[in-house]
């Protein structure tokens with residue numbers, strides 16, 4: 001008769017090593033989950049901040065006035081080497097709108113307005129007033145050329161609609177253009 005051999009004794013050191021290896025793997029999984037959670041939270045906060053800034057820009061900035069200024073109160077200066085983007089006529093990439101009414105002088109007014117927005121330090125109000133003057137001149141020229149009040153009225157309605165759009169929806173494009181054209185000396189971008 002064969003007597004069964006006793007089960008080999010496991011050394012306490014080997015058991016401890018296996019236990020630690022298992023615990024370390026779980027700790028690593030938890031650390032990875034914790035880091036992923038933290039990253040998700042950070043990205044969520046960044047998205048909320050981006051949406052809030054976009055809403056503020058769209059509505060007229062923090063103070064309700066659409067003004068570009070450095071956060072420390074210093075005056076923005078023209079960005080060295082900045083090249084303005086080519087004017088896009090009467091439209092806004094922000095809203096996916098591009099108007100091609102076929103009136104060259106209208107496109108000229110819109111292009112001048114785009115350039116004004118991209119001139120560092122130029123106020124939105126000044127740019128918009130120049131734009132309104134340019135637009136109203138188009139209608140005066142139509143009246144001189146055609147002499148028909150019907151055409152002038154249609155021109156004035158179109159100009160008024162375009163100008164109202166710029167007044168109410170132009171803050172974000174203005175601020176984006178100023179951010180691109182200007183530099184604030186004491187501001188440095190920092191990532192979270």
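Along the chain as shown, residues are numbered 1 onward.
Cβ coordinates are placed from backbone N, Cα and C, and glycine is handled just like the others.
As recorded in Swiss-Prot:
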- 1-25: signal peptide (SIGNAL)
- 91, 93, 95, 114: Ca(2+) binding site (BINDING)
- 113: active site (ACT_SITE)
- 128: active site (ACT_SITE)
Of 114, 128 (the recorded positions), the residue whose Cβ has the fewest other Cβ atoms within 10 Å
128
Candidates 91, 113, 114 (recorded positions) - the one closest to residue 128 (active site) by CA
113
Quick check for the class: what is the C-alpha distance, in angstrom and rounded, between residue 113 (active site) and residue 91 (Ca(2+) binding site)?
11
